[in-house]
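Chemist: Structure provided below as structure tokens; questions to follow.
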Amino acid sequence: MKSVFVLICLIPQLFQAQIKNLVLEGGGVRGIAYVGAIQALEEFDQLHSIENIAGTSVGSIAATLLCIGFNSHELQEELSSIKIQQFNDGRGIFIGGIHRTNKQYGWYKGEKLTDWINDLIEQKTGFKNLTFEQLSKMADTSETFKHLYVTATNLTQQRPVIINHNSYPNMRIADAVRVSTSIPLYYSAVFVDSCGNLYSKPPKDIAVDVLSDGGFLTNYPIHVFDAKYSIEQTIGLRLDDSNQIKQDTSGKHQLAPYEINNLVDYIGAFYNLVIENLNRCDLTPEDWERTISISTCGIGPRVKRLSEEEVNTLIVAGYHSVKKFLSDNQKN
């Protein structure tokens, strides 16, 4: 009974309190939906008050661009033009891939992804190798910029990691995005020392940890700001199948059935079962009240190039989901 009362009180508070923090879940190519979500936040004049943005995997890409001053139009321009294959780098497609997987734990190098992010950062800020500390100072003096938080998984220490201006002040932001998007076995693993320097292979004389995709343990880092801010000052964007959203909005926060018709579906079902259970186990009723679930419209997270129709469908889904959430809270 007490939890019901808390929820009733929380809903209007979400709009009365200024939203200070935004959280973007990982979700592969479906992250293009965040373009529409940000457009809705802009229309409701909610983006300007946001000071901190956390993101995982593709969410870390969108979070980075927002933190350096991108608006929804610029975000759409960049993310819609991406050809996923452009990041499939490394000499020797087959032999080279086998060698890298054996020595560096991934088929592709991932350096082109880092370079792409770095170029966008330089175009927008004038700093090619912008660090978390530098961005934090910029955010302290200008509303154009925001504090960035990127999640990763430390395989060596067997724990999640939040990369920000406190934990890794000297790490390049582009490197953090590379870490968070390190799809296991697809991109080479990243070796990181205590100062935040990255290595393509483990150095002999420096202690390093192996960092990988943030989606394993913190795909939806909704709690990252709770130690400093009240919960109603944070909203999060999730990417879910429409059947899962129906399940969640009905109050039954269990995984929806997963249709299996082939080997790809079979593997996907295992992945979904493990990752979703790991990332949902700590979500409270209050967390769901500050969560906006965006339908992925039947589009899976598999790395591929989306058609123009799929891109537009996801953007519209993101826009309408956020618009409905904000409209409903205004009425309350």
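Numbers run from 1 along the shown chain.
Cβ atoms are placed via backbone N, Cα and C, with glycine included.
TrEMBL does not curate its annotations; it predicts them automatically.
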Chemist: Pick from 55-59, 180-184, 230-234: which range has motif 'GXSXG' per TrEMBL?
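Modeler: Based on what TrEMBL states, motif 'GXSXG' spans 55-59.
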Chemist: Pick from 26-31, 110-115, 164-169: which range has motif 'GXGXXG' per TrEMBL?
Modeler: 26-31
Chemist: Measuring Cα to Cα, how many angstrom lie between ASP213 (active site, proton acceptor) and SER57 (active site, nucleophile)?
Modeler: 7
Chemist: Enter the number of other CB atoms within 10 angstroms of the CB of ASP213 (active site, proton acceptor).
Modeler: 25
